[in-house]
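A quick write-up on the structure given underneath.
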Amino acid sequence: MQTDLSDSSLFNHKSVMTDEILVSVDQYPLISDNKLTAIDATLGGGGHSYQLLKKYPDLKIIGLDHDPFARQSAFIKLEEFKSRIEICPSNFANFEPKEKVSFVIADLGVNSNQIDNPQRGFSFQKDGPLDMRMNPLLEMNAEDLIETLNEKDLADLIFKFGDERLSRKISRRIKKDLQEKGKYSGTKDLAYSIAGCFPPKQRYRKIHPATRTFQALRIAVNKEIEALERFLELAPNWLLPGGIISIISFHSIEDRLVKNSFKGDERLKNLTKKPITPNEKEIENNKRSRSAKLRIAQLK
């Protein structure tokens with residue numbers, strides 16, 4: 001069954017660290033200028049852009065997202081600011097602005113809609129197809145990926161992108177299952193099989209044993225690391241002198257890339273020696289924010 005793109009109720013996402021994002025862009029030296037422009041490189045449901053447009057009455061934002069469901073939701077949420085928001089169907093790795101901007105923000109997390117909507121195939125909490133594509137136009141989904149890769153390459157992928165120590169055992173089990181039954185019936189079927197690779201005591205911990213493998217498959221399907229590396233190279237070129245770039249990451253691979261880029265890029269001044277993390281109140285209200293890390297840099 002195809003998800004109805006017009007049903008905005010399906011997109012219910014809490015943007016993380018919104019207050020901290022607002023504080024970060026306040027560091028732009030010309031923040032009081034009446035010609036502020038920004039790029040929200042991961043528009044999602046429009047949560048961060050909404051707060052920015054609300055706070056800065058003269059701000060104009062270019063919002064990027066390759067997920068049509070996200071763009072539709074953002075269009076509805078940001079209706080009152082329609083004269084100041086331009087929504088572009090683009091991945092941040094493939095974008096080139098016409099003019100330089102005052103600041104760039106990016107939230108690298110998977111949005112709640114993608115997780116909670118079983119038809120997107122990101123989660124094992126509710127059964128759905130093994131899809132995991134943020135952009136439904138991508139050719140390869142998660143089912144294609146596990147069928148195409150050989151056992152060694154699949155194990156390497158799960159270890160590299162999921163930091164999963166049982167990657168070889170999991171890969172062996174997946175390829176054996178595919179050989180015996182043809183394919184998995186859905187996300188729960190795959191998650192159950194992965195859980196069976198763990199000792200009984202580890203199957204019922206707070207974090208589901210399939211979490212790391214699902215993360216690895218999602219990253220690979222969407223080429224997230226390649227896209228982030230490209231974005232980190234491009235984004236400083238989008239900024240005006242003194243411009244701010246603020247990036248929220250959610251796992252160690254992303255955070256390491258952002259940290260090293262901000263420290264090593266001669267174009268940038270790193271403004272966060274250590275990442276900023278959510279406060280206790282936000283974590284209490286939105287448990288998915290607990291792993292978020294915000295890093296900020298400024299164009300020299």
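Every residue, even glycine, has its Cβ placed from backbone N, Cα and C.
Copied over from Swiss-Prot, here are the features:
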BINDING   G46, G47, H48, D65, F92, D107, Q114  S-adenosyl-L-methionine binding site
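Classification of D107 (S-adenosyl-L-methionine binding site) by DSSP places it within a strand. Spread of the S-adenosyl-L-methionine binding residues is 18 Å (greatest Cα-Cα distance among G46, G47, H48, D65, F92, D107, Q114). Around the Cβ of F92 (S-adenosyl-L-methionine binding site), a 10 Å sphere holds 25 further Cβ atoms from the protein chains shown.
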